[in-house]
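Chemist: Below are the features listed in Swiss-Prot for this protein:
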BINDING   Gln150  coenzyme F430 binding site
BINDING   Arg228, Lys259, His260, Arg273  coenzyme B binding site
BINDING   Tyr335, Tyr446  coenzyme M binding site
MOD_RES   His260  pros-methylhistidine
MOD_RES   Arg274  5-methylarginine
MOD_RES   Gln402  2-methylglutamine
MOD_RES   Gly447  1-thioglycine
MOD_RES   Asp452  (Z)-2,3-didehydroaspartate
MOD_RES   Cys454  S-methylcysteine
Amino acid sequence: MDEKKLFLTALKKKFEVEDPDEKYTNFYCFGGWEQSARKKEFTEYAKKAAEKRGGIPFYNPDIGVPLGQRKLMAYRVSGTDAYVEGDDLHFVNNAAIQQMVDDIKRTVIVGMDTAHAVLEKRLGVEVTPETINEYMEAINHALPGGAVVQEHMVEVHPGLVEDCYAKIFTGDDNLADELDKRILIDINKEFPEEQAEQLKSYIGNRTYQVNRVPTIVVRTCDGGTVSRWSAMQIGMSFISAYKLCAGEAAIADFSYAAKHADVIEMGTIMPARRARGPNEPGGVAFGTFADIVQASRVSDDPAKISLEVIAGAAALYDQVWLGSYMSGGVGFTQYATAAYTDDILDDFVYYGMEYVDDKYGICGTKPTMDVVRDISTEVTLYSLEQYEEYPTLLEDHFGGSQRAAVAAAAAGCSTAFATGNSNAGINGWYLSQILHKEAHSRLGFYGYDLQDQCGASNSLSIRSDEGLIHELRGPNYPNYAMNVGHQPEYAGIAQAPHAARGDAFCTNPLIKVAFADKDLSFDFTSPRKSIAAGALREFMPEGERDLIIPAGK
């Protein structure tokens with residue numbers, strides 16, 4: 001047994017009495033569902049709830065397939081020391097995953113330069129660092145639900161919306177020096193020097209505000225509400241800070257800029273058959289999510305950076321988007337957790353990165369099909385060999401599509417590390433799927449590999465939608481729409497080449513800066529750590545309603 005393998009520690013703890021390489025096992029001797037402390041807790045609560053609601057049947061683990069035929073495994077959240085029950089990784093049971101999704105949905109970036117130009121050129125009002133600071137005070141009063149323009153307006157209790165605020169950033173160091181440090185996202189402080197210079201060169205002298213609408217708003221409404229909530233308060237705050245007349249024609253220009261012209265949302269609107277507005281998970285492009293995750297500003301390890309992106313994306317795309325918005329139910333959690341538990345994908349990715357570093361060097365070769373074929377084949381075969389050598393690893397990833405996703409993710413990321421090219425990376429993924437199917441005759445459920453069979457022809461063509469570069473693809477990209485066990489890994493492959501090159505951002509420098517924000521309760525520098533805290537019930541979410549409900553309820 002090779003003790004260097006990253007997943008062995010987790011396997012030994014998960015299965016306890018069975019060695020990871022043991023070829024024979026037992027069934028129905030582990031205590032059934034009662035071996036799980038969480039399922040016992042569920043059962044106790046369900047009995048009380050059933051009585052309270054007049055005997056209407058409720059949760060009963062004895063219904064359906066017998067639970068606990070084998071070990072009900074704990075899961076080690078990769079990159080941490082936390083062992084958690086699988087149930088606690090379901091997004092409904094995990095406050096951190098909920099908050100991550102909420103933080104994305106409730107964020108909107110709005111350019112300030114159009115509004116400043118209207119003030120100066122149409123209204124003859126001077127804009128200075130002092131007036132900008134005054135405006136930022138006004139928006140931080142109005143955005144959570146405070147009134148600024150007229151009397152007899154109802155307001156929101158601040159205790160319900162403590163998480164709501166607006167911040168500002170700019171690529172102009174001179175302006176940044178004069179802005180209120182309480183509301184400034186300081187690029188020079190939050191990013192390594194080289195990354196900061198790269199970001200400032202892209203942003204230039206432009207100025208942007210980042211508005212975090214209250215969590216409770218996106219819980220009650222949806223992501224499409226966010227730009228509207230933001231725009232209304234922006235208009236009111238400009239009127240207040242610059243002493244404008246609410247009815248004059250120039251106010252329409254503020255409204256247009258705040259609602260449309262200068263708005264950067266986290267996700268695009270979905271088509272009618274998916275019926276979701278902007279800022280919903282299905283519209284978040286893979287490169288956008290890679291920029292939302294902040295691992296690249298605190299680590300220079302391409303593997304770790306990519307793995308953190310995959311973990312967060314697993315929760316967003318597989319658990320919440322496909323698993324609930326598009327499907328509903330509980331089963332998609334297991335697809336997602338395969339990519340961020342027990343250090344299995346970590347082992348495969350680090351193996352691939354070491355192979356690449358030894359043979360080519362990081363970003364050391366051109367993106368050719370020969371390179372794709374070599375790296376993808378090597379990493380895929382290594383991954384499949386581990387499943388054959390360690391039966392408990394195979395049991396951990398009990399579904400064929402789990403194994404296919406993890407092996408292909410490692411192949412794709414490794415190819416991207418070598419080439420610094422996401423298109424080469426995604427073709428490494430596609431080849432891995434084909435090799436895997438050749439070896440095992442099938443992958444996962446029927447149609448799992450539909451998109452992988454046609455992937456190379458799409459990604460190597462120039463077409464209006466199928467030929468889209470990988471970073472700009474997302475859950476709504478043709479053929480990517482429904483098959484679980486793909487989208488999180490695609491986000492990691494979008495990140496991998498940029499992590500290898502040391503880029504400051506993947507797709508959008510504004511989004512990268514917007515989430516370099518220490519006041520967010522979800523830690524986007526380390527999604528796995530936050531998800532683990534949520535599973536351990538150690539994560540405190542925003543948007544709670546204790547202030548307005550009866551005590552003790």
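For all residues, glycine too, the Cβ spot is worked out from N, Cα and C.
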Chemist: Pick out which of the recorded positions Gln150, Gln402 has the most other Cβ atoms within 10 Å of its own Cβ.
Modeler: Gln402
Chemist: Write out the long-range same-chain contacts of the residue listed as 'S-methylcysteine', meaning residues 6 or more apart in sequence whose Cβ is under 8 Å from its Cβ.
Modeler: Asn479
Chemist: According to DSSP, folded down to helix, strand and coil, what is Cys454 (S-methylcysteine)?
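Modeler: Looking at the DSSP assignment, Cys454 (S-methylcysteine) belongs to neither helix nor strand, so coil.
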Chemist: What whole-number Å value do you get for the CA-CA distance of Lys259 (coenzyme B binding site) and Tyr335 (coenzyme M binding site)?
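Modeler: Taking the Cα atoms only, Lys259 (coenzyme B binding site) lies 37 Å from Tyr335 (coenzyme M binding site).
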Chemist: What does DSSP assign the residue listed as '5-methylarginine', in three states?
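Modeler: Going by the DSSP assignment, the residue listed as '5-methylarginine' belongs to neither helix nor strand, so it counts as coil.
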Chemist: Within 10 Å of the residue listed as '2-methylglutamine' by C-alpha distance: pick out those among the binding-site residues Gln150, Arg228, His260, Arg273, Tyr335, Tyr446, and say none if nothing qualifies.
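Modeler: Candidates kept after distance check: Tyr335.
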Chemist: Around the C-beta of the residue listed as '(Z)-2,3-didehydroaspartate', how many further C-beta atoms are within 10 angstroms, looking at every protein chain?
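Modeler: Its Cβ has 23 other Cβ atoms within 10 Å.
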Chemist: Which of the binding-site residues Gln150, Arg273, Tyr446 has its Cα closest in space to the Cα of Asp452 ((Z)-2,3-didehydroaspartate)?
Modeler: Tyr446
Chemist: Should His260 (coenzyme B binding site) be counted as helix, strand, or coil on the basis of DSSP?
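Modeler: Going by the DSSP assignment, His260 (coenzyme B binding site) falls within a helical segment, counted as helix.
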Chemist: Looking at the binding-site residues Arg228, Lys259, Arg273, which one has the fewest other Cβ atoms within 10 Å of its own Cβ?
Modeler: Arg273
Chemist: Which one is it, among the recorded positions Gln150, Tyr446, Gly447, that lies nearest to Arg273 (coenzyme B binding site) by Cα separation?
Modeler: Gly447
